[in-house]
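J.: I am attaching a structure below and will ask some questions about it afterwards.
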Amino acid sequence: GISGAFQYGLQVSIINSPAEYIQSFIRETWLRRYGSSPSTKMITFMWSFIVSVYSIGGLLGSSSAGYLSVRFGRKKAMLFANIPALLGAALMGLSRLCGSFEMIIAGRLFSGVCGGLALNIHIMYAGECAPRKLRGLIAMTASTSIAAGRFAGFALGLREVLGVEALWPVLLAANALPALLQLLTLPFFPDSPRYLLIDKKDKEGCI
């Protein structure tokens, strides 16, 4: 779950702490580009879009979870979910350096794709791999991972950690770490027995 439901919980909570810094960045970037300061309504609109575009990405990710998990298998689909996570982290982490608040919007969209995709496949993969007696307990790891991700997001957003003006791009790019961790560890995990038997017709592999 480190890059499944954890990513979702992390991205939901991590955006709250740097709100004022991102709004100041939007104002400064707008002034530098167009020579005039944007209205308060415009800044509020851009900030609201940055927050809510994550849900649009989540919808796209959730919609493609079923196809990808059948086409490539649960494990490979989970690995694939790390691509938009890393892309989103790179865009948000480099946004201030490039002077583009649009990169934050795009990064949040890609992070949403990862969250929607990974959250659904996490539940599917864990449930199908778990022994029957432990299936309910293992399925609960999705909720636990979401809670852990939210806690990590709030902790990283503290002013004593990354919640300061100089480090907010690093804070937004923090989801790259669990994505990299999963890319290094998940290839050593088995694939879902249900996928091997029903979709791949590999009875021996399933057993």
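Heads up, the Cβ atoms here are built off N, Cα and C, so glycines get one too.
So TrEMBL lists the following for this protein:
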{"type": "DOMAIN", "residues": "1-207", "note": "domain 'Major facilitator superfamily (MFS) profile'"}
{"type": "TRANSMEM", "residues": "45-70", "note": "transmembrane segment"}
{"type": "TRANSMEM", "residues": "77-97", "note": "transmembrane segment"}
{"type": "TRANSMEM", "residues": "103-125", "note": "transmembrane segment"}
{"type": "TRANSMEM", "residues": "137-158", "note": "transmembrane segment"}
{"type": "TRANSMEM", "residues": "170-189", "note": "transmembrane segment"}
J.: Do the transmembrane segment (77-97) and the transmembrane segment (170-189) come close, with at least three CB pairs under 8 A (pairs 6 or more apart in sequence)?
T.: yes
J.: Pairs 6 or more apart in sequence, C-beta under 8 angstroms, 3 or more of them: is that satisfied by the transmembrane segment (170-189) and the transmembrane segment (103-125)?
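T.: Result for the transmembrane segment (170-189) with the transmembrane segment (103-125) is yes.
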J.: Taking residues 6+ outside the transmembrane segment (137-158), which of them lie with a CB under 8 Å of any CB in it?
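T.: Here the qualifying positions are 1-2, 4-14, 16-18, 119, 122-123, 126-127, 129-130, 171, 174.
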J.: Restricting attention to the domain 'Major facilitator superfamily (MFS) profile' (1-207), give the mean pLDDT.
T.: 92
